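Asker: Summarising the annotation, TrEMBL assigns domain 'Casparian strip membrane protein' to 1-112. TrEMBL lists 20-39, 59-81, 101-125 with the feature transmembrane segment.
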Amino acid sequence: MAANRTKGWAGDSFDRYMEYRFCITVNILAFVYSGFQAYAQVHRLISDKDIIPLPIRLYFDFAMDQVLAYLLIAAATAAATRNTDWVTNWGSDPFTVMANGSISVSFLAFAALAISALISAFILFSKIP
């Protein structure tokens with residue numbers, strides 16, 4: 001999405017539209033969170049210690065998975081709506097084609113975090129007495 005500075009008939013760029021900026025911001029947040037989770041798992045495997053202590057980590061994982069999944073679906077939907085409006089009113093160009101690809105990846109990221117949210121919910125609620 002950030003590379004989408006294609007010179008369509010209007011010379012558009014993703015940063016001119018709030019929906020596209022929202023989408024890329026949420027995707028960056030999800031990427032950073034996923035990177036942190038990967039680092040935390042590798043750290044735990046190597047040192048046998050958690051970065052975040054166990055009871056807090058379960059709530060943190062559950063909350064962050066939920067929040068980021070909802071943010072991703074909201075951002076992808078907003079960007080898809082903007083893109084559909086653009087194509088409906090002015091037709092398709094390389095800008096909208098690139099945006100569609102980015103929006104599709106955002107929906108895939110949502111699916112991954114939604115599955116992660118289900119797993120973290122199962123783990124959390126199976127540990128609560």
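From the backbone N, Cα and C atoms, a Cβ is placed for every residue, glycine too.
TrEMBL entries are annotated by machine, without manual review.
Please situate the listed features within the shown structure.
Answerer: Proximity of distant same-chain residues to the transmembrane segment (20-39), defined by a Cβ-Cβ separation under 8 Å and at least 6 residues beyond the stretch ends, is recorded for 1-2, 4, 14, 51, 61, 64, 68, 71-72, 74-76, 78-79, 82, 99, 102-103, 105-106, 109, 113.
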Asker: What residues in the same chain, six or more past the boundaries of the transmembrane segment (101-125), come closer than 8 Å to it by Cβ-Cβ distance?
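Answerer: Same-chain contacts beyond the flanks: 1, 4, 23-24, 26-27, 30, 58-59, 61-62, 65-66, 68-69, 72-73, 75-76, 79-80, 83.
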Asker: Where DSSP helix means H, G or I and strand means E or B, what are the helix, strand and coil counts for the domain 'Casparian strip membrane protein' (1-112)?
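Answerer: Residue counts in helix, strand and coil order: 89 helix, 0 strand, 23 coil.
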